[in-house]
Ligand code: GRF
């Protein structure tokens with residue numbers, strides 16, 4: 001199950017991996033959820049024949065009600081893993097209680113550096129020479145959960161010219177490959193989380 005807010009290129013990479021590798025990939029996308037109707041990821045899902053749902057904060061009286069609705073909509077597909085692929089909302093207590101330890105997020109920076117919604121811009125503003133992407137499990141903080149894998153991307157002088165747009169594109173290219181690799185490995189081999197350490201494979 002994949003949650004999106006944006007263009008959904010990370011989702012597309014997962015859909016492509018499933019289409020190209022079939023059963024040997026180890027996972028398939030059972031549904032796609034979004035927090036806005038404009039999320040490009042919804043169309044990508046529909047094109048791939050994957051069911052979708054939209055769960056908007058503004059359609060609910062308060063945040064906890066939204067969280068409950070998101071939890072129920074997700075639970076209806078009984079996913080083994082929930083992939084937050086550019087989902088720009090912090091999930092709430094109920095969602096975490098239900099899916100904790102099974103929610104994977106992708107972030108466009110090398111955590112714990114530059115968490116939050118502006119990981120690319122913040123890395124540039126800091127003057128970092130190397131940044132990258134992190135795939136990690138979600139806990140109750142913002143981008144604080146156990147790291148599964150990271151890949152580095154060099155910051156170039158010209159990245160300052162367009163406020164990080166080209167840098168984000170280079171990060172996303174790497175990020176898509178990393179997410180596809182991580183989801184496949186978790187699905188095929190299983191995993192355990194011991195404190196902050198993620199171990200691949202069953203005991
Ligand atoms: C990714 O870089 C993700 O890490 C960030 O937003 C971007 C989403 O891209 N939070 P897309 O919607 O998958 O194309």
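Every residue gets a Cβ built from N, Cα and C, even glycine.
Annotations in TrEMBL come from automatic prediction, not curation.
As recorded in TrEMBL, the features of this protein are as follows:
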- 2-183: domain 'Formyl transferase N-terminal' (DOMAIN)
- 8, 9, 10: N(1)-(5-phospho-beta-D-ribosyl)glycinamide binding site (BINDING)
- 63, 88, 89, 90, 91, 105: (6R)-10-formyltetrahydrofolate binding site (BINDING)
- 107: active site, proton donor (ACT_SITE)
- 143: site 'Raises pKa of active site His' (SITE)
By a simple count, how many Cβ atoms lie within 10 Å of the Cβ of residue 105 ((6R)-10-formyltetrahydrofolate binding site), its own Cβ left out? 24
Of 8, 63, 88, 89, 143, which is closest to the residue listed as 'active site, proton donor' if I measure between C-alpha atoms? They're all recorded positions. 143
Three-class DSSP assignment, residue 105 ((6R)-10-formyltetrahydrofolate binding site), comes back as strand
Among 63, 89, 107 [recorded positions], residue with fewest other Cβ within 10 Å: 63
Nearest to residue 105 ((6R)-10-formyltetrahydrofolate binding site) by Cα, among 8, 9, 10, 143 (recorded positions)? 143
Between residue 90 ((6R)-10-formyltetrahydrofolate binding site) and residue 9 (N(1)-(5-phospho-beta-D-ribosyl)glycinamide binding site): CA-CA distance (Å): 20
May I ask which residues of the same chain, at least 6 positions away in sequence, place their Cβ under 8 angstroms from the Cβ of residue 91 ((6R)-10-formyltetrahydrofolate binding site)? 67, 70, 84, 99, 103, 138
Near the N(1)-(5-phospho-beta-D-ribosyl)glycinamide site, what residues other than 8, 9, 10 in the same chain have a C-beta no further than 8 Å from the centroid of the listed C-beta atoms? 4, 6, 7, 11, 12, 13, 40, 41, 44, 85, 86, 172, 176
